[in-house]
């Protein structure tokens, strides 16, 4: 709870401990419902857990190698997972065994997942330089686009729009039009690999974050999607690669904020407008 009370967790100040959802490292976490989250791990499994109790409620197994990404359309019963086994699977909370859909087709590890708000379409990205679009009901590949040196690191869907944001090891952030699976816009290349991206709930801004070391690079960048489509702000302060970035939900009395995590073992919360650290 980011309430400014360092050393306390929750209203009572008592920390809570729960049994691990995975037997190895956790590689990805995503919101599933207001009270549930989904996670993937090096143990090749996907787990659905309760935010409130911390208990793992469901566990899905089927991947042959480490799970690299998990995602879901919020309030959907469908969960998607990507793996180093080059496949993507769809799981449904009401099913008792096995995935309800497979999405094979990438030649290398799948590193990006983005699902449309209605969970009918899925975009995937890989280190094989390709982005694919899928029908989640039939499993049919609806499109495949390849760009040289586009080693995908992350994908996210723009709320209420047919656009998907993608970061890459070629140091660029791209906006894809999912209807024709074509690049609609490419932001100016950064100096370092772009490791992750996120989109604000109003669909106006996107974030990307950079690799780095010894204080060089490792920044997060705010981009404007609707007006100039240029760089708005940068958030600098991490000393190693910034591994993830996210827009935080807005409260009635809170300024817009973002959070970043880094290989320097810190998580930072920033004022979105001023780049000041909380």
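Numbering starts at 1 and runs along the chain as displayed.
Backbone N, Cα and C define each Cβ position, glycine as well.
If you look up TrEMBL, you'll see 1-25 marked as region 'Disordered'.
Per TrEMBL, compositional bias 'Polar residues' is recorded for 13-25.
Annotated repeat 'WD' per TrEMBL: 60-93 (among others), in sequence order. Same-chain residues lying 6 or more positions outside the repeat 'WD' (60-93) and placing a CB less than 8 Å from one of its CB atoms are 27-34, 38-42, 44-48, 99-104, 106-119, 122, 124, 126, 134, 136, 154.
Residues or ranges marked as repeat 'WD' by TrEMBL: 103-144 (among others). Looking just at the repeat 'WD' (103-144), the mean pLDDT is 96.
The repeat 'WD' annotation in TrEMBL covers 152-186 (among others).
Residues annotated as repeat 'WD' in TrEMBL: 235-271 (among others).
Below 8 angstroms of C-beta separation, residues 68-74, 76, 78, 80-84, 86-90, 150-157, 159-160, 164-166, 169, 176, 178, 180-181 of the same chain, each at least six residues beyond the ends of the repeat 'WD' (103-144), sit close to that stretch.
For the repeat 'WD' (60-93), DSSP puts the residue distribution at 0 helix, 18 strand, 16 coil.
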